[in-house]
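Structure, as structure tokens:
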Amino acid sequence: CELTNITIAVEREECELCITVNATWCSGYCFTRDPVYKYPPVSEVQQTCTFKEVVYETVKIPGCRDHAESLYSYPVATECHCETCDTDSTDCTVRGLGPSYCSFNQ
């Protein structure tokens, strides 16, 4: 479980444009187990590689309409660890759109 360089697309609806930025995020493996002997039944807590600390960086998205907010802040991981996934701050599934998804045609 370690910091990894990623490229993400950022957008604002008012600007009708996506730009890509480089950031760091957490990626890798965490020790996990699924015991063969399951009696008595005990639920196993799976851990995922997730951020321990983040900072927010801000970029200006060009081409925004009059008086539209053109600044966009995004999280950048500075430290990683293995922990139970916190669904309040993290997409813990594989259902997300992915970091390079953009709503607008480029």
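Every residue gets a Cβ built from N, Cα and C, even glycine.
From a predicted model like this one, the values you see are computed outputs, not experimental measurements.
What Swiss-Prot annotates here:
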DISULFID  CYS1-CYS49  disulfide bond
DISULFID  CYS15-CYS64  disulfide bond
DISULFID  CYS18-CYS102  disulfide bond
DISULFID  CYS26-CYS80  disulfide bond
DISULFID  CYS30-CYS82  disulfide bond
DISULFID  CYS85-CYS92  disulfide bond
CARBOHYD  ASN5  N-linked glycosylation site
CARBOHYD  ASN22  N-linked glycosylation site
Using CB atoms and a 10 A radius, I'd like the single residue among the disulfide-bonded residues CYS30, CYS64, CYS80, CYS92 with the highest neighbour count.
CYS80
Can you tell me which of the recorded positions CYS1, CYS18, ASN22, CYS49, CYS64 is spatially closest to CYS85 (disulfide bond)? Compare CA atoms only.
CYS49
Here the Cα-Cα span from CYS102 (disulfide bond) to CYS64 (disulfide bond), rounded to a whole number of angstrom, reaches 16
For ASN22 (N-linked glycosylation site) and CYS15 (disulfide bond), the CA-to-CA distance in whole Å is 20
What remains of the recorded positions CYS1, ASN5, CYS15, CYS49, CYS92 once a 10 Å Cα-Cα cut-off to CYS26 (disulfide bond) is applied is CYS1, ASN5, CYS49
Reduced DSSP assignment, CYS18 (disulfide bond)
strand
Nearest of the disulfide-bonded residues (CYS1, CYS15, CYS64) to CYS80 (disulfide bond) - Cα to Cα
CYS1
Starting from each candidate's C-beta and looking 10 angstroms out, tell me which of the disulfide-bonded residues CYS82, CYS102 has the most other C-beta atoms.
CYS82
Cα-nearest neighbour of CYS64 (disulfide bond) within the listed recorded positions, CYS1, ASN5, CYS18, CYS30, CYS92:
CYS18
